[in-house]
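Q: Structure provided below as structure tokens; questions to follow.
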Amino acid sequence: MKPCVIPTIERPDPAAVQALAGHGVATVHEAMGRQGLLDVAMRPIKEGWSICGPPVTSLNHVGDNLMIHAALDVCQPGDVLVITTTAPTTCGMVGELLARQAKVRGVAGIIIEGGVRDVADLRRLDLPIWSTAISAAGTVKATPGWVNVPVVCCGVHIRPGDIVVADDDGVVVVPRETAAQVAEAAAARTAREEVTRGKIMAGELSLDLHGLRQYLADKGVTWTTPK
């Protein structure tokens, strides 16, 4: 595909984004049938962040962050900037100045399959960022790439306008077509867990709540005291 910048994306229903924002990555991942989770190499550079929003994608050549600059031109408040490259890389694609631009534009956070640098400054800036590496190695701005095209990031297919949910547990991507159903399933799971939590606080064991004691018995497991 010829290098391009697609300035507009098909955005998800804001109500679905808001509904998903009320749940953690683990809950959303389970509600999706355990799909859409980016590889565990994708980690936040600081604990305590959580974001939810539509991705604007930036596909770059290795060692070149030109299209991140272009992507910032089309980002809207609440967007999640998803950055990846044409081949694996660990160089510092995003530093404090790029991240500061993103924050000024109201970007909800950055997901980058690659490295970041100026990490102390990034943590003070407090723009949520998830990356697969930290590296002082810099980049050039030379080779055109793509903005707002479908990408594969850490093993997951991401389209502009899907929904990205990220927290301390990782990053999950929800297709916009199923976002409402996933949000409903996540809410139902949260409600069930709240009931279970109450029973645990009352002293019950998950071994009994989930029928695991009988399951173990059926498998021939016995509680025995060594002689």
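Note that Cβ sites are derived from N, Cα and C of the backbone, with glycine treated the same way.
Because TrEMBL annotations are produced automatically, they should be read as predictions rather than curated entries.
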Q: Please state which member of Arg105, Arg117 TrEMBL lists alongside Gly95, Glu96, Leu97, Leu98 for binding substrate.
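A: Checking Arg105, Arg117 against TrEMBL: the substrate site match is Arg117.
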Q: Are there any residues at least 6 positions away along the chain from Arg117 (substrate binding site) with a Cβ closer than 8 Å to its Cβ? List them or say none.
A: Gly92, Val94, Gly95, Ile134, Ser135, Ala136, Ala137, Gly138
Q: Taking the residues Gly95, Glu96, Leu97, Leu98, Arg117 listed for substrate, what is the greatest CA to CA distance in Å, to the nearest whole number?
A: 11
Q: For Asp118 (Mg(2+) binding site), which residues of its chain lie six or more apart in sequence with Cβ-Cβ distance below 8 Å?
A: Gly92, Gly95, Glu96, Ala99
